[in-house]
Amino acid sequence: MTTLTSAEPVTGLEEPRFLGVRHRPAALSVAIRASVPLLLLAAWWYGSASGAIPSDVLAAPSQVVGALGELAATGQLADYLLASAHRAGLGVLLGGGAGLLLGVVAGLSALGEELVDPTMQMKRAVPFLALVPLFISWFGVEESFKVVLIAVAAAGPMYAYTYLGVRGVDRKLVEAARGFGLKGPRLALGVIIPTALPSILMALRVSLSVALTGLIAAEQIGATEGIGYLVTLAQQYYRSDYMVLCVVVYAVLGLVIDLAIRGAEKASMPWRR
Amino acid sequence: MSPRLAILAVATLCALSACSSPTATAQAGAVLKIKDPGNAGPLAYAKKNGILEKRLAQVGAKVEWGGTYASFTATIDAVRSGSVNVLEGAISPALGYLANGRDIKIFSITDRVVDPAAPKTDGLVVPADSPVKDVKELVGKRIAVNKGGRGEYLLLLALERAGVRPDQVTRVYLNPDQAASAFATGKVDAWWAIVRAYPEAVAKGARVLVHSNDLPDQDLSIQAARVELLEKHPEAVRVYLDVLRELTAQAKTEPDAFQNVFLAQGPTALSGARLKEELDKSRYALPPRPATAADLTYVKDVAGVFHRYGVLPASVNPSDVIFDLRASS
């Protein structure tokens, strides 16, 4: 035990360091964020222009811009993006919806956990790409096959994160809500899902990126449009400019998804800063 | 709290309506299901101008154009599930399928172009700076071929002729698109480049050791169809073949109409030297002809090579694989 000796004058006191997130000016933050991608872009451009990177290893930025121009001019870019967005959206809606439901059930009740979790953990261990041949024989090669493949891929992460999020909900909060007479779906929708929302949005983020992977696999088979189909075309016709364009499109989509989820986080969780 | 319920409801609705695949059409007429013909060739031309639709209607049949497949193997999955019932290919890749299933038969053969002036369509290529000058010198090298397909067949033939045992080289199984990058970056020492890959490789400076024209190549291009289509609707398949023959003949005289059919730019569009080469190929192309029992020799020969070197575990019974359109009523 220490005792305070009040006789000494209080000197050299330091204000404790601020432990929260320091907010930089927005412009500076954006500039720092953009710096690394821009640096990579500059290295790519310089490497191609100086001849250090041969064009069959990596197409030059000018070629990729040319490819983008061609694709936009023929209207294919918009068609492809729409077709893929439709498939991915539907797949994530179905698979994510199922994953969310199962995650909430497993997270809320012991019986639910016992019934759902072992199967979902097994399902998660199966790479969805291994299911492609099976799914083709069950669903054919048309749209339903593609949507189901993406749904199955998206269900795994959605389930896992939702389950964790629901398990992490403060029991006292649930008790209190029960004290007010909330139960069943109203308890889940009014208390548990909003509290687990950070995890669920994280799950959505992961599900959407998995859906992009699923698109590549699904659109290799029996497709006539889509960004995964574009990857196949670029390979089949040995167009390295289009291959790089696909990479760029995926990168931009990743960025868009990230921004969208950040927006959703801000809008749906005003209490979190 | 209701939005989430609404989403689930929408999801269920979608599951019930939009995503459920259309099942077999109730009509009695034949439906030819063909994969997407791409941007060049007689089938692309036919699709653009609705020629097959028009001609098939005269025998009460229809055509359904499907999607693209990354490889022949992927197309085969579609054939198995019934989403494609008429397909083009070569004898070699079809054998793997014929060895395991009885649901397709070959109904048409395209004879090999023998005119020495015709552009070459494939070759065993090495990088320009490779020390290898002859097939014999490939001993101990890594050679990319497409598994159980034309590349592997031709490599086996070339090795056989040069007196090299196939186990003296390493066969690296890669699809043409994967092989292109492995070859460009020196990950394989040689590559049997076929179809579109061959002119691309040569354009990038690859040196050719041997062409299929130099070998006793029996691996011809074929048209195959699912057996139930051939047996129930031979007349529809005959119309398909007639259209293909007419358009191949038309492409000899006006090849320009058969390239860049749908799009003049984009990944599938050709220009410059590659376009000229394809135009030349069209000028020399031979039309497909109905297959006859005599064509069994080709199938037997290719199957024999594959069986001899253990590429195909089971031997194919060639009599199961040819369908004679003229013999059927």
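Glycine is no exception: its Cβ is also placed from the backbone N, Cα and C atoms.
Per TrEMBL, the features are as follows:
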TRANSMEM  A:26-46  transmembrane segment
DOMAIN    A:81-261  domain 'ABC transmembrane type-1'
TRANSMEM  A:90-112  transmembrane segment
TRANSMEM  A:124-141  transmembrane segment
TRANSMEM  A:147-166  transmembrane segment
TRANSMEM  A:187-208  transmembrane segment
TRANSMEM  A:242-264  transmembrane segment
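Counting residues 6+ beyond its ends, the transmembrane segment (A:147-166) has Cβ neighbours under 8 Å at 87-88, 90-92, 94-96, 98-100, 102-104, 106-108, 117, 120, 123-124, 128, 131-132, 135, 139, 192, 195-200, 202-204, 206-208, 210-211, 213-215, 217-218 in the same chain. Counting Cβ pairs under 8 Å to the transmembrane segment (A:90-112), the top-ranked stretch among A:26-46, A:124-141, A:187-208 is A:187-208.
Counting residues 6+ beyond its ends, the transmembrane segment (A:187-208) has Cβ neighbours under 8 Å at 88, 92, 95-96, 99-100, 103-104, 107-108, 154-155, 157-158, 160-162, 164-166, 168-170, 173-174, 177-178, 257-258, 261, 264-265, 268-269, 272 in the same chain.
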